[in-house]
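To start, the structure itself, in structure tokens.
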Amino acid sequence: MANPLYQKHIISINDLSRDDLNLVLATAAKLKANPQPELLKHKVIASCFFEASTRTRLSFETSMHRLSASVVGFSDSANTSLGKKGETLADTISVISTYVDAIVMRHPQEGAARLATEFSGQVPVLNAGDGSNQHPTQTLLDLFTIQETQGRLDNLHIAMVGDLKYGRTVHSLTQALAKFSGNRFYFIAPDALAMPQYILDMLDEKGMAWSLHGSIEEVMADVDILYMTRVQKERLDPSEYANVKAQFVLRASDLNGARENMKVLHPLPRIDEITTDVDKTPHAWYFQQAGNGIFARQALLALVLNSELSL
């Protein structure tokens, strides 16, 4: 089938329409059910990680290998010309784009991925995270997991917990879910880490219901998805961190009264905001969520690198 994502840069979740999202998710489901080990044979993909990554880098590179793409790149910019000799990002991308069919890039600077698109020519750039700005492929695997467990992406009740101010995953996921109808959001965070006003304004503009809460217990019985994030110690005064840390920890006993099919998600890594006794409950789904990153990223790579795709 012809697809609108061929050679498209994927920098922000807002680069994808609702139809685009549905296309990626449908493709991911097909690849999970029916692997296509030679789909990207003869393609060369650059995996350019200018900062450390575990799940995202390994997930992307596994996705590439399982589709038979050749992978080049680096996991740390310290030993590159950019890191050792002061080469500009623009020159680095200009050169790399002459070698490869696509560039997957993580960078600590917000806006770096968008900047890279100005120097990559016809080679698509896929953002694997740029600072605290965007992480669109995390959102795709989140959506895939929600759809897989709940059977839909509309008319859901979603709670987001923890660092909602600086956490790029919750911003992107809220923006993506707002493209679907009837979703209702519960935001649970300390005042210092509340969801940014621009996200709340966006929900108001779309007529989406949302509310603010001080504890997980307030909403446990009402939600389909509980999306946990880490409260970042470095963002808070030490005394304030000590106060809020215990308030936003999920324990197995907190799941009493939860809906039978409610799933707990987390972008990982977790520190201590989900106790290990939760892992043994049927609600825990964060490791399966991480595994779905393979299929979401395979789908995106396949669509970006094939003008027509028949699965």
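Glycine is no exception: its Cβ is also placed from the backbone N, Cα and C atoms.
DSSP classifies Arg106 (carbamoyl phosphate binding site) as strand under the three-state reduction. Summarising the annotation, Swiss-Prot assigns carbamoyl phosphate binding site to Arg55, Thr56, Arg106, His135, Gln138, Leu268, Pro269 and lists sequence analysis as the type of evidence.
Note: Arg168 (L-aspartate binding site) has non-local neighbours Gly129, Gly131, Ser132, Asn133, Gln134, His135, i.e. same-chain residues 6+ apart with C-beta under 8 A of its own C-beta. Secondary structure at Arg168 (L-aspartate binding site), as computed by DSSP, is helix. Under the heading L-aspartate binding site, Swiss-Prot lists Lys85, Arg168, Arg230.
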- Message: Radius 10 Å, atoms counted are CB only; among the binding-site residues Thr56, Gln138, which position scores highest?
- Response: Gln138
- Message: Just to confirm: which same-chain residues, 6+ apart in sequence, have a Cβ under 8 Å from the Cβ of Arg230 (L-aspartate binding site)?
- Response: Gly162, Asp163, Gly167, Pro269, Arg270, Ile271, Glu273
- Check: same-chain CB within 8 A of carbamoyl phosphate site center, minus Arg55, Thr56, Arg106, His135, Gln138, Leu268, Pro269: Ser53, Thr54, Ser59, Gly129, Pro267
- Enumerate same-chain residues with a sequence separation of six or more from Arg55 (carbamoyl phosphate binding site) and a Cβ-Cβ distance below 8 A; give 'none' if the list is empty. Leu268, Ala290, Gly293
